[in-house]
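J.: For B:32-48, B:54-77, B:124-145, B:152-175, B:181-200, B:226-242, B:248-266, B:287-308, the entry in TrEMBL reads transmembrane segment.
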Amino acid sequence: MVMQLQTEHELHGRRRSRNVGLGIVLIAFVALVFALTVVKVTQGHLLEAYDHQPRTTLLPMEPEAAAPAAEAAR
Amino acid sequence: MTDINAADANAYHAAAPEAEFRDYVALLKPRVMSLVVFTAFVGLWIAPVDVHPFLAFCAVLFIALGGGASGALNMWYDADIDAVMKRTQLRPIPSGRVEPGEALAVGLALSGLAVMMLGLVANWFAAAFLAFTIFFYAVVYTMWLKRWTPQNIVIGGAAGAFPPMIGWACATGGISIESLLMFALIFFWTPPHFWALALFMKDDYKDAGVPMLTVTHGRAVTRRHIFAYTLVLAGFSIWLGLTSVGGPVYLAVALVLNAAFIRGGWQVLRREEGAARADGFATEKRVFRLSLSYLFLHFLALLIQNWMGTW
């Protein structure tokens, strides 16, 4: 008995399109998260993550504010 | 033993076609997404706080993804209506290419992803705002208002109006009069836009049992509503031009566009039903196309005004 199986069916094309599409989306997502991490680490080091407000403890001290603080330390 | 041959395989797959990648993309309503992308970008860009360009790109991307996810949830719930209306019969679910459960899974997964990522990229206020927008579109509009009240378009239009506010919130972490007026611009634009469409897609909504204003209150009432909304819309459009994001260029563009839209609304109002049918709803179609340009050019004018300097 002959069993005819079409090696390349239109169905395979559809499945390939899904697999390739999903692969591209996943790779793009990984690249995006990596780039995001780089930008956050290099640009956002003075920001707190939860509300993006400047983190006062990390901001450089103003000269006027620094003087009394130095006075008090002496 | 059964012979498997190409004819059998073709017959089987014709009965149950498998989805391509683009069918899943179609679930996200890319055309609606383009409006979300553009208005969210403008909201973010003209906000008075600088955002790193890559973070701005990511924020807009995830706002768009959230919008797309809510589109997939809408297609999942509305598959029965979509199968009846000519305009939507070829969508992935009614055409049988995507299973309803798949669309639900895609919608829920992408909603969660978009909200989480926006929280990490921008701030959690913007992320919560996006989550609320998805909920509003998928639950309040799609599941509740759309099949219940002719005001479905009016209240549901809020979902489409939130993106510039979310964009603004990404930059500033809050809301302001400017972002509220951008919301109002889209909110009051949506009803005349969709009612103009409903006037010339006249049988689709009726066949599907969707209580559009044309079906529940008649076409004459719809024409009056379109004109009334163009007047209210003009007020908010001009008001936006007088805020900190406005300026002479925006104001000039807004004046011209509102004059054209009010004129179009007036022409729609004055039309006799017989005359409209005779020319294939030419005026209604023209006003519908004008409404598309109206919104795009308003937001483009905001962008140009921001570049040139505001008041």
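Placed from the backbone N, Cα and C atoms, the Cβ positions cover glycine too.
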J.: Take the C-beta pairs under 8 A between the transmembrane segment (B:32-48) and each of B:54-77, B:124-145, B:152-175, B:181-200, B:248-266. Which stretch has the highest count?
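T.: Stretch with the highest Cβ contact count: B:152-175.
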J.: Which listed range (B:54-77, B:124-145, B:152-175, B:181-200, B:226-242) shows the maximal number of Cβ pairs under 8 Å with respect to the transmembrane segment (B:287-308)?
T.: B:181-200
J.: By a Cβ-Cβ criterion of under 8 Å, what residues six or more beyond either terminus of the transmembrane segment (B:248-266) are in contact with it?
T.: 192, 226-227, 229-231, 233-234, 237-238, 240-242, 283, 286-287, 290-291, 293-294, 297-298, 301-302, 304-305, 308
J.: Counting only pairs 6 or more apart in sequence, are there at least 3 Cβ pairs under 8 Å between the transmembrane segment (B:152-175) and the transmembrane segment (B:226-242)?
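T.: No, the transmembrane segment (B:152-175) does not contact the transmembrane segment (B:226-242).
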J.: With Cβ-Cβ distances below 8 Å as the criterion, list the same-chain residues six or more beyond the ends of the transmembrane segment (B:181-200) that contact it, or say none.
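T.: Sequence-remote neighbours of the transmembrane segment (B:181-200) are 39, 42-43, 153-154, 156-158, 160-162, 164-165, 168, 212-214, 219, 222-223, 225-226, 229-230, 232-233, 236-237, 239-240, 243, 261, 265, 268, 276, 280-281, 284-285, 287-288, 291-292, 294-295, 298, 302.
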